[in-house]
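> Before anything else, here's the structure in question.
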Amino acid sequence: SVMATPRADDWSWFPALALGVSFLKCILINAYHSTDFEVHRNWLAITHSLPVSKWYHENTSEWTLDYPPLFAWFEYSLSHVAQHFDKEMLVVQNLLYTSPATILFQRLSVIVTDIVFIYAVKEEEKGSKDLLGHPFFILAALLLWNFGLLIQGRHLEGALLFTVLLNLKHIYLYIAPAYGIFLLRSYCFTEDNTDGSVRWSSFSPVRLVALGSIVISVGALSFGPFIAMGQLPQVLSRLFPFKRGLCHAYWAPNVWALYNMVDKALSVLGVRLKLLDVAKLPKASMTGGLVQEFQHSILPSVSPSITLICTLLSIMPAVLSIWCRPRGARGFLRCLVVCALGSFMFGWHVHEKAILMAILPFSILAVESREDAGIFLMLTTTGHYSLFPLLFTAAELPIKVLLMLLFTLYSFTSLKKLFRGSLLNPLETTYLLGLVAVEILCEVVYPLSPWQHTMPFVPLLVTSVYCSLGVCYSFIRLYVSLLRQHGTDKHKQL
C-alpha cells in the first residue's frame, strides 16, 4: 500500500502478501468478467489476424480498437501466446467467445504481469525512507498501478517512461500538464531565484532538446507506421470518439452527473406542471443506459469544447502554481492530483474508473498532512464505492463489500493513529454513513420494488448522483487547500 511506507526491516511480510494476492486472483479465475473481457479478446483477434493497415478500421465488434498504437503492439505480442491456449479466440468474427481456455489465458495474462508489478513494488523499498524526497516516485506509483514500471528519480528516465505510459493508455493525458510543466520547470531551468521563482537565464536548450527527443522518439515508434500509411486521422478518431456522448452509460460521479440530474428533474417537473410538451423533448435519453450523444431537455447541452475549456480552467491554477513555485515533490504531487481530479470532474465521456488516477497519488499526500488526510478519506471512500456498479452480479457482492470494508477500515484507523484524532467533521461522517443507506437501497430494497422493471436505471442514478456530491466536495476542499497555500507563498514574499 502507498498509504504508509514501511521501514526497510518491515518488508518481511511482503512476499507472503504478494503470494496471497496472486492465489486470491487464481481462485477468482472463473468469476464474473466484464465487457472489458470481450474488448481485449477482440483486440487480440484484430492485431493477430489482420494486417496493421486494418487495425484501426476493423469494426465487426462494437468494441473497436481505441487505445494508442503502442498498446495495440502489446496486444499483438500477447496474441502469439494466446494462440497456444485457443486459436478460436483470435478469430475476429467469434464475438463474445468465452471458452475455458480463453478465460484462463485472459486471467493468467493479468496474474503473470503482476510479477513485474510485485518486483517493482519491492524495488520501492530502496527509496522508502524518503518517499517524497524523490519527485518521480509519484509517477512510479502510477506506473506501478498500471504497468509495473518503476522510476528511479531521474528526469530523463521519468520522461521516457511517462511517454511510454501515455502511448499505452492515453487517459494519462489527464496528468500530462502536471508532468510536462514540472519537467520543463525543474529540468530545463537549472536554477531558481532566491525567492523560488524561475531564473530565466538558467534555461538549458540542450536539456529541452533531450526531453523533446525522448517524447518524439517514443511517439514516432508508436504512431510512425500509421502516419506513414496516412492513417493518423483514423487513429485519432478512435482515440477521441466524441460521438459517444458527454457521459458513460453509468455516469461517472462528477459535475456532469449533477448537471444531468438537474436537467432531468427540471424536465420531469416541467412535464408534470404541463409547462413542457413530452413530444417535443429530445428522444435520446441520458438515463437510457446507452452510450450515445444526447441533448439536454432544459439546460444548455454540453459540447466537447465546453468540457475542454472547463477542464483547462480547473487545472490552470495548479499548473501555474508549480511553474511559479515548484515546491519539489509535494508541489508536483498536489498539482498531479488536481489535474487528475479536474479532468475527471469536467472531462468529456469520462470513465468512472478514472477516479483511481486521483486517489492513488493522493494517498501519498494523505500521510503528510491532517487536512489532506481528511480530504483523502472522503475521496477514496466515495470514489471506491462509486465503482460498485461495475461489479453488479450477486456473486461479486460480498467480495466487493468485504474488500472495500477492509481498505476503508485500514485507511481510517491508520490515518487516525498517525494524526491522533478524528479527521472528519460530523457532516462528512454522516455523508459517508449515507453510503451504507444507498447500498441497502440499491441492492436490497429497490430490486424488490415494482419500479425495478419499469425504471431499472434508478439505482445507477442514485449511486452516481450521491457519489458526485462527495467527489465534488473533495475537489472543492482540495482546491481551497491549493489556493490557501498559494496565498501563503505570496504573503511570505511580501
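Even glycines carry a Cβ here, placed using N, Cα and C.
Given the structure is predicted, the values throughout are model-derived calculations rather than measurements.
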> According to TrEMBL, which stretch among 12-33, 100-121 corresponds to the feature transmembrane segment?
12-33
> Report, as numbers and ranges, every residue of the chain located at least six residues beyond the transmembrane segment (455-476) whose Cβ falls under 8 Å of a Cβ in that stretch; write 'none' if there are none.
250-255, 257-258, 261, 287-289, 341-342, 344-345, 355, 375, 378-379, 381-383, 385-386, 388-389, 431-432, 434-435, 438, 441-443, 446
> Report, as numbers and ranges, every residue of the chain located at least six residues beyond the transmembrane segment (208-228) whose Cβ falls under 8 Å of a Cβ in that stretch; write 'none' if there are none.
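Residues packing against the transmembrane segment (208-228) from afar: 52, 56, 68-70, 73, 155-156, 159-160, 163-164, 167, 183-184, 187-188, 234-235.
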> Cβ under 8 Å, sequence separation of at least 6 from the ends of the transmembrane segment (171-188): give me the contacting residues as numbers and ranges.
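Distant contacts of the transmembrane segment (171-188): 135, 139, 142, 155, 158-159, 162, 165, 198, 203-204, 207-208, 211, 315, 318-319, 322-323, 326, 332, 335-336, 338-340, 343-344, 347, 351, 354, 357.
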